[in-house]
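Trainee: Quick one: this structure, given as structure tokens, is what I'll be asking you about.
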Amino acid sequence: MARSYGGRVLAAMTLLGIAAAVLAALGAQLLFQLQAGRAELRGLRAEGLGQELGAGPGLPEDAAGTLLPLAAALAALVLVLGFTCLLLAALCGHLGAELARGPGPRRSDWFLYDCRLLRHVALGLFCCGISVYLAALSIYALLLFEIETGAAAASILGSGTLVLVAVLTHTLLRAARAARRGLHELSPPSFEDDLARPAEVSKASPRAQPQQGIHRRTPYSTCPEPGDPFGSMATATAPAALEGGWESSLPASRMHRTLSAGLGHWDGVTHEMRRMLGHRPGSMGKDSTLV
């Protein structure tokens with residue numbers, strides 16, 4: 001089964017933390033070796049062998065005295081960079097693991113995806129630590145070996161340091177450009193598919209609401225006039241017809257047209273009868289003879 005985005009990030013941060021711990025250990029070891037070499041050099045000078053050291057094939061005394069503090073400072077910088085990278089990796093991994101234990105399996109994925117800048121900083125510190133360590137190691141090679149051997153080792157280590165710095169700069173610039181593009185232009189991880197489902201449901205729910213409103217709407221609305229027996233009869237028979245199953249057999253629009261046509265015919269008959277009764281000749285006394 002393929003790992004999730006958070007699992008892959010946690011595995012990468014674990015490996016980065018292990019490498020940063022190894023780098024910090026190498027920096028501390030180099031720092032102690034330089035300190036021991038400096039104490040040994042001072043002991044040789046105290047014994048009266050300074051002239052022999054100055055005349056030997058190694059570096060001159062003034063150059064060695066200048067390069068030793070520089071190499072020690074670089075080794076201390078390597079130690080600081082390694083510990084900083086280790087702490088960042090451990091912090092990011094710990095927070096991601098704690099969020100994964102909480103409710104919602106995608107919380108840690110979102111956290112690790114949002115803190116990608118922190119991961120880039122940790123990786124940059126690690127690469128800078130390696131470059132500084134190679135520079136300090138080249139100086140230590142000049143101090144430890146003879147001039148020819150030390151120069152060859154220092155040149156190789158220095159060229160490797162320059163190549164590593166160039167690759168590091170190019171990689172960090174590309175990572176910064178990718179971070180500026182935003183979430184929509186980056187390659188989306190697998191957990192973004194889960195967010196599309198609530199959006200589709202929210203788009204489909206307004207479509208279902210008008211359909212429910214159509215079913216709830218009555219197919220007709222008539223208001224019978226007072227004293228109109230036909231209107232009251234139509235109003236009384238319409239619900240009975242709907243209960244008898246007309247709604248299932250006829251559409252709402254067709255039923256509405258049929259009822260409107262029938263009611264219109266009876267309205268014409270009642271209107272004609274009222275007009276004839278309204279224009280009766282004679283007075284009230286003559287009306288009694290008609291009865």
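A Cβ is built for glycine as well, from the same backbone N, Cα and C atoms used for every other residue.
According to Swiss-Prot, the feature transmembrane segment maps to 12-32, 70-90, 125-145, 153-173. The region 'Disordered' annotation in Swiss-Prot covers 189-219.
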Trainee: Report the listed stretch (12-32, 125-145, 153-173) having the maximum count of Cβ pairs within less than 8 Å of the transmembrane segment (70-90).
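Mentor: Out of the listed stretches, 12-32 contacts the transmembrane segment (70-90) most.
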Trainee: What else in the chain is close to the transmembrane segment (125-145), if you only count residues 6 or more beyond its ends and a Cβ gap under 8 Å?
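Mentor: Same-chain contacts beyond the flanks: 16, 19-20, 23, 26-27, 30, 33-34, 37, 58-59, 64, 67-68, 70-71, 74-75, 77-78, 81-82, 84-85, 88, 151, 153-155, 157-158, 160-161, 164-165, 168.
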